[in-house]
């Protein structure tokens with residue numbers, strides 16, 4: 001247990017980090033249920049939590065408000081803990097349209113989804129790590145509170161094999177089929193098995209690159225090995241192996257038969273209700289759909305939308321909470337909720353939206369009433385299942401403030417950087433004054449963020465600044481995550497100097513180059529000008545030594561007053577610490593790829609100029625061969641979440657395709 005978790009880092013805790021770490025550890029050891037880490041932007045909150053995990057030696061679930069932040073946290077924790085099981089658990093849908101019915105237009109929308117195979121593998125790997133290892137760190141989104149396969153059924157479906165044990169080949173193959181693995185005679189893919197004589201090759205659903213080879217001699221397991229399914233190279237001989245099911249929703253045959261009987265009983269009861277209400281179309285529709293599902297379950301052991309029968313499959317009572325990732329957590333686990341001011345309300349809001357959609361499906365005969373139990377956890381159920389919890393935020397919400405038994409402040413940054421100086425200026429001349437400030441900041445080689453209240457104003461301001469010779473871009477809600485990252489990358493590289501937006505509070509906007517944040521119409525009370533939003537927005541300039549914030553307002557609102565008071569309190573504490581310890585604030589000099597996971601590297605034009613000579617004299621055959629090789633490398637890096645490398649190779653790949661088209 002001594003070195004169960006080991007941090008690899010060139011840095012030691014500094015600033016407020018040592019006291020925050022000690023305070024949180026003391027709270028956990030004292031048995032406090034809920035604590036908050038109040039950490040300002042750029043104070044190294046992730047590093048602090050990593051030290052808490054290392055000290056407590058307990059499996060940890062970290063929840064983030066969205067996939068982008070979860071991916072960033074996953075990358076950071078994987079770098080801190082390379083020897084431990086750092087896993088990623090988010091929704092595996094690239095695209096998801098839930099089934100729904102619109103009574104007004106009599107429109108039924110079938111469930112439509114595109115599943116990301118790699119993320120599905122990572123989800124399976126996450127639950128496997130929780131079952132098998134004590135050193136698991138799972139980074140998840142709100143997907144963690146949604147229904148998952150019952151852990152009891154899942155564990156009953158494991159396939160254990162040991163060298164020297166008696167085991168019939170047909171019995172192993174039958175078990176693999178029950179675990180929803182499919183047989184193939186071609187190349188081995190994830191979730192498949194292949195048979196050659198007495199040799200069974202299995203590519204576990206939770207494995208990214210390695211497959212398992214079982215060699216039988218008569219009815220005895222003669223050899224077990226890990227091998228590379230691409231090259232066939234044996235990597236390691238094993239004394240024993242455990243194969244996990246292909247999906248979380250596998251169920252033993254006897255449970256399927258029990259489920260079918262219960263579904264039949266509920267169907268008859270529901271049909272009687274609908275017929276009594278003279279809802280004949282709904283009754284006929286429900287009978288047809290349910291009977292088809294029953295037939296599929298009896299034949300294959302599963303059906304499309306099997307999760308709608310999860311109440312029976314997990315043997316739970318009506319209204320009882322569904323099994324989720326929390327059911328896989330050991331009792332001694334830790335729960336970390338990042339950006340808790342966003343994540344906690346998000347968790348609280350999931351149940352009602354899901355319920356409203358499903359009630360319509362039940363009322364109009366598309367689903368049985370038991371489908372209502374295939375749902376996310378209600379907030380009170382989430383609270384019941386939560387182990388000891390640490391909330392992380394620069395601006396904790398009312399829930400965290402009310403329920404936390406201890407608040408660890410992390411206001412002093414390891415770099416000595418001080419919160420931005422805040423000025424208030426009149427609204428009447430805000431655009432002209434802003435123009436003057438922008439020109440001064442650009443002359444210093446820095447960047448500017450401007451936040452407006454409406455889309456129209458953002459567009460007009462962008463156009464106005466552009467007409468006056470300022471390189472400006474507008475970040476709006478229609479921009480997807482990848483394009484968003486590319487816009488941020490261009491701002492950091494100086495392709496343009498000013499970024500205008502409405503809500504600049506989302507992830508990925510902590511840029512060291514930003515020296516000025518301008519908040520227009522700061523005195524208009526509302527979500528975008530609340531105390532929490534103002535503090536978060538002001539903090540966008542906190543990574544720059546010369547960081548400033550200007551609030552354009554004619555009156556001092558309560559939110560403004562509280563935000564300014566809190567910012568000033570932090571500044572005083574930071575300055576006092578720096579003075580006491582003789583620290584000179586240092587700017588953060590991070591290269592673009594360090595901060596922007598998902599954005600490609602370098603200037604495209606420069607890259608084209610550099611790469612072109614290398615390929616000038618290549619034949620079409622050589623170019624085509626190189627294009628294929630680069631494509632494979634690109635997808636391999638993307639699968640490993642090495643987005644910067646993947647994007648760099650993508651640029652080269654596109655350049656080569658362009659070159660090939662010219663020949």
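Along the chain as shown, residues are numbered 1 onward.
Yeah, the Cβs are placed from backbone N, Cα and C, and that goes for glycine too.
Record features, source Swiss-Prot:
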| type | residues | note |
| --- | --- | --- |
| DOMAIN | 26-414 | domain 'Helicase ATP-binding' |
| BINDING | 39, 40, 41, 42, 43, 44, 45, 46 | ATP binding site |
| MOTIF | 92-115 | motif 'Beta-hairpin' |
| DOMAIN | 430-596 | domain 'Helicase C-terminal' |
| DOMAIN | 624-659 | domain 'UVR' |
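In sequence order, 394, 410, 411, 413, 419, 539, 542, 570 are the residues of the chain that are 6 or more apart from residue 40 (ATP binding site) and have a CB within less than 8 Å of its CB.
For the motif 'Beta-hairpin' (92-115), same-chain residues at least 6 beyond its ends with a Cβ under 8 Å from one of its own Cβ atoms are 123, 304-305, 357, 360-361, 364, 366.
Over the motif 'Beta-hairpin' (92-115) the predicted model carries a mean pLDDT of 80. In the three-state DSSP assignment, the secondary structure recorded for residue 39 (ATP binding site) is strand. Helix first, then strand, then coil: DSSP counts for the motif 'Beta-hairpin' (92-115) stand at 3 helix, 15 strand, 6 coil. According to DSSP, residue 45 (ATP binding site) is assigned to a helical segment.
When DSSP labels each residue, the domain 'UVR' (624-659) comes out as 33 helix, 0 strand, 3 coil, counted as helix, strand and coil in that order. Those residues of the chain, other than 39, 40, 41, 42, 43, 44, 45, 46, with a C-beta within 8 angstroms of the mean position of the ATP site C-beta atoms are 48, 394, 410, 413.
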